[in-house]
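Chemist: Residues or ranges marked as transmembrane segment by TrEMBL: 133-154, 166-187, 199-220, 266-284, 343-361. Annotated Zn(2+) binding site per TrEMBL: His151, His303, His307, in sequence order.
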Amino acid sequence: MFINPFPPTLADIGSGAQLHPVMATVVMEQISRLFINVQQIRQIPRFLEVRFPTLPCTLKDCDVPRVFREPYIFSGYRPLHQKWRYYFLTLFQRHNEAVSVWTHLVAAFIILMKFKQFSEVVDFLRDPQSQPLFIILLSSFIYLSCSAVAHLLCAKSELSHYTFFFLDYVGVAVYQYGSALVHFYYAIEVEWHSLVRGIFLPMAAFLAWLSCAGCCYGKYKSHQLPKTIRKLCQVVPSGLAYILDISPVIHRIYHCHLIQQCDEAVVYHKYQVLFFLVSAYFFSYPHPEKWFPGKCDFIGQGHQIFHVFLVLCTVAQIEAVRLDFMTRRSVYHQLHGDSVYDFSALFVFMMCCSIMTAFYFRNKVRIKLSSKKEQ
C-alpha cells in the first residue's frame with residue numbers, strides 16, 4: 001500500500017482534490033486549539049491586572065508626614081497605611097526609594113553567589129580558620145538585606161519607618177564587626193598584631209554596638225536635635241569603628257610600600273578603602289540633589305550613590321579577604337591559633353546587644369506615637 005508522504009497542497013484542493021474526512025477533523029481540532037490558545041493569551045493582561053492591581057500614585061513631600069521627607073527630594077513618596085502587599089509590590093514601582101532597594105537587593109544576591117562559589121573550595125564546617133570568612137559573608141548579606149527591606153517597607157507607617165531603619169542599623173553594626181574580624185584575622189601584620197591583639201576585637205565589638213545605638217538615637221531624636229548633632233550621633237561612632245576596623249589594612253598597605261612588594265590582596269584592599277571613602281562622602285552630604293533640588297527625586301540621589309560605592313567596597317573587601325585566606329594561612333594560624341571560637345562568640349554577643357538596643361528604641365518610639373494619638 002502506497003502512502004503519499006506529502007499532504008495536499010492548496011493547488012490540489014483548488015483543482016478538485018478532497019481532504020480525507022479524518023484529516024479534515026484533525027485540521028479543525030488544531031484550528032480550534034489555536035483559537036483557544038489565542039483566547040488565553042488575550043486574557044493574560046486581565047489576569048495580571050487582577051493579580052497585580054494598579055498601584056496608587058506616588059505623592060509629593062507635602063502629602064506625607066515630616067519623618068518621611070528627605071532634603072531636596074520633592075516627589076516620589078509612597079502613601080501610608082496601605083496593605084503590606086502594596087509595599088512589597090512597590091519593588092516594581094517607580095518611587096524615590098526604588099533604586100536604594102534594588103542596589104542592595106542585587107548585591108545581596110551577589111553575596112549569595114559568592115558564598116556558593118567559596119563553599120566549593122572552602123570547608124566552612126570542618127575548617128575553623130574559615131569561620132571569619134563565613135562571618136564576613138554572613139554579615140555582608142545581613143546588612144544588604146536589612147537595608148533593602150528597610151527602604152522597601154519603611155513607608156507603611158511611622159512606627160514601621162523607625163522599626164525597619166533600626167533594623168538597618170543592626171545590619172550595619174553586624175557588618176562593622178564582621179569587617180573588623182576578617183581584617184584582624186587574615187590581613188593583619190605581625191607588628192600591628194603585637195600592639196592591638198588584647199583590645200582590638202573587644203573594642204571593635206563595642207564600637208559596632210555604639211554605632212548602632214548612636215544611629216538609633218539620632219533617628220529617634222531626628223526632629224528634636226539640630227541636624228548637625230543628629231549627624232554627629234550617626235557618623236562619629238561609625239567613623240571611630242571604621243578607623244579601628246581598617247587599621248590592620250592601612251598598616252598592611254603601608255608595610256607593603258615600605259618593602260616595595262604588594263600582593264594581589266593588597267590591591268583589592270586599596271580599592272575597598274577608596275570605595276568606602278567615596279561612599280562616606282555621599283552618605284554625609286546630600287549631593288547632587290542639593291545642587292539640583294527636585295531633579296534627583298527618583299534617580300541620582302547621594303544616598304543611592306552611597307549604596308553603589310558601599311557595594312563596590314564590600315565586593316572588593318571580600319575578594320581581598322578570600323586571597324588572604326588562601327595565601328596567608330601560615331601567618332594567621334601562627335598569630336591566632338584556636339582563638340577563632342572566641343572571636344565568633346563575640347560576634348554573636350555583639351549582634352544580640354544591637355538587636356536589643358534596636359528593640360529598646362522601637363519601644364520608645366511606639367510609646368511616643370501612642371501618646372501623640374491620645375493627644
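Placed from the backbone N, Cα and C atoms, the Cβ positions cover glycine too.
Unlike curated records, TrEMBL annotations are generated automatically.
How buried are the listed features, and what sits near them?
Modeler: Other C-beta atoms found within 10 angstroms of the C-beta of His151 (Zn(2+) binding site) number 26, with every protein chain shown included.
For the transmembrane segment (166-187), the residues of the chain that approach it from at least six positions outside its boundaries are 132-133, 135-136, 138-140, 142-147, 149-150, 193, 196, 200-201, 204-205, 207-209, 211-212, 215-216, 219, 238, 241-242, 244-249, 252, 265, 269, 314, 317, 320-321, 324-325, 328, 332, 336, 340, 343, 346-347, 350-351, 354-355, 357-359, 361-362, judged by C-beta separation under 8 angstroms.
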Chemist: Since the record lists His303, His307 as binding-site residues, which of them has the fewest other Cβ atoms within 10 Å of its Cβ?
Modeler: His303
Chemist: Cβ pairs under 8 Å only, please: of the recorded stretches 133-154, 266-284, 343-361, which one is richest in them relative to the transmembrane segment (199-220)?
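Modeler: That would be 343-361.
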Chemist: Name them in sequence order: residues not among His151, His303, His307 whose Cβ is within 8 Å of the mean position of the Cβ atoms defining the Zn(2+) site.
Modeler: Glu97, Val99, Ser100, Val101, Thr103, His104, Ser147, Gln301, Gln304, Phe306
